[in-house]
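The block underneath contains the structure these notes are about, expressed in structure tokens.
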Amino acid sequence: MPKTDVSGLSMLGNQTETAANPEVAVLEKVPAGYAGTDYVVRFTAPEFTSLCPMTGQPDFAHIVIDYVPNEWLVESKSLKLFLHSFRNHGAFHEDCSIYIAKRLVELLEPKWLRIGAYWYPRGGIPIDVFWQTGKPPEGVWLPDQGVQPYRGRG
């Protein structure tokens, strides 16, 4: 089993403050092992929060990120703190969702990445945002994201 080089990380194993907003939040990466093997990495954030840019009221989402690494993996503590940096940040659902995905693509240059952002209703209407970089590599096992459409109590 390959040993992961963590020497360049600044957050893992250290006390770390949450960034004031996503633009200044630091995402870190570590080398991916198993070169030549395509596999899917999934992160699920079932309690993601941000603020409505118009009212300042909290917005909530269940976010699922899947990617096939190339040379890098996102370091999970930095991802957790990056997602937390949206907590007091005002932006529309679509902007939050796509920004998260684009930052990860910029950092990792993965073979493939997708995001499913399942937002809880605002004004009685749930907004779901889906984006991916293209077709996934052939032969990877890609499970369903497992988030049911919003039904309310009906």
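Each residue, glycine too, has its Cβ placed from N, Cα and C.
Some features that Swiss-Prot has for this protein:
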{"type": "ACT_SITE", "residues": "CYS52", "note": "active site, thioimide intermediate"}
{"type": "ACT_SITE", "residues": "ASP59", "note": "active site, proton donor"}
{"type": "BINDING", "residues": "VAL74, GLU75, SER76, HIS93, GLU94", "note": "substrate binding site"}
Site of maximum Cβ density within 10 Å, from binding-site residues GLU75, GLU94: GLU75
Longest CA-CA distance among VAL74, GLU75, SER76, HIS93, GLU94, per record bound to substrate, angstrom: 24
Which listed residue (CYS52, VAL74) has most other Cβ within 10 Å, given these are recorded positions: VAL74
DSSP three-state assignment for the residue listed as 'active site, proton donor': strand
Protein Cβ atoms within 10 Å of SER76 (substrate binding site), excluding its own: 14
Spatial separation of HIS93 (substrate binding site) from CYS52 (active site, thioimide intermediate) - C-alpha basis, Å: 8
Integer Å distance between the CA atoms belonging to ASP59 (active site, proton donor) and HIS93 (substrate binding site): 8
C-alpha spacing of GLU75 (substrate binding site) relative to ASP59 (active site, proton donor), in angstrom: 25
